[in-house]
Each structure stands twice: as C-alpha cells, then as structure tokens.
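Asks: This is the structure I want to talk about, given as structure tokens.
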Amino acid sequence: MKRTSPAVLIALGGFCAAASYIVVSGFYGAMATVPIAPGLLLIALAVLCLALVWKFKNTDLGLDRTQLNPIAAANFLIVGKASAYTGAIFGGIYLGMAVYVLPKTATLLAAVADTPGVVTALIGGIALSAAGFWLERTLSVPPPDAT
C-alpha cells in the first residue's frame, strides 16, 4: 500500500470545496440549518487518531505483549489513511460552504445561524485529515532495501 500524498489530500479537499461552493450557492435558500454535531464528531475522531499516534509513537512491532502486533498496526494504518481522506472530503465540503456563508453573515440571518456548524465542521475536517495523515505516517514501515 502506498503512502498518502499530501498533494492528493489537498487536491481532493479543493475539488470538494469547489463542488460544495457551487451547490451551496445554487441551493442555499432550500438548505436546512447546518448542525454542530457533525463538526463535533469530526473533532472527536481527530482526537481519537491523535490518541492512537501518542500510544503507538514509540512502540515496536512484534508479537511480545509489550509490542504492537503487526496486524493491529496494519489495521490502524488503514484507519489513519481512511481518516485522512474522510477529513479532506468533509473539510473541503465545509470549506466551500464557509466561503459562501461567512461573507453573507452581515445580510442573512440564516448565514449567522449556520456559521457555528460550518466553522466547527471545517476545523474538524482539517484536524481529522491531519491527524489521520500523522497516524498513517507513524505506523508506516519503510520499504525493505532492494539489495
């Protein structure tokens, strides 16, 4: 499995931001208020990824009780990779919403009501992407030498 490239995450977030901006600018009047719960969930997942990084940062792989099982390390590596992509997608979606909503707070009451949910989810998405990326890098094993 190849390591996740930061450029891919940024490009994915940018694409989702552009798509979200287009959709929100066309249908904002028909949308429901953005709740704060998704943002809090993204932040909680980012904290979980950071806790896993902290736990496994200096742990050796092996089958001893004091070591991390290689299968568990591979599973957590996949969690990190999935978290990085999920955070990039949701961060991009809420970035597109924020670009549309935040300038409208002076004129629209709906934009004022949506601001806490949008900002919380934007921060949560970016934090989840960064924490997932860090978790993946923490658990990645360098490729064997070709010699």
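Cβ coordinates are placed from backbone N, Cα and C, and glycine is handled just like the others.
I grabbed these lines from TrEMBL:
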- 7-30: transmembrane segment (TRANSMEM)
- 36-54: transmembrane segment (TRANSMEM)
- 75-97: transmembrane segment (TRANSMEM)
- 117-135: transmembrane segment (TRANSMEM)
Asks: Six or more residues out from either end of the transmembrane segment (75-97), which same-chain residues have a Cβ under 8 Å from its Cβ atoms?
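Replies: Sequence-distant neighbours of the transmembrane segment (75-97): 1, 4, 9-10, 12-24, 34, 38-39, 42, 45-46, 49, 52, 56, 114, 118, 121-122, 124-140.
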Asks: So, do the transmembrane segment (36-54) and the transmembrane segment (117-135) meet, by the test of 3 or more Cβ pairs under 8 Å (sequence gap 6 or more)?
Replies: yes
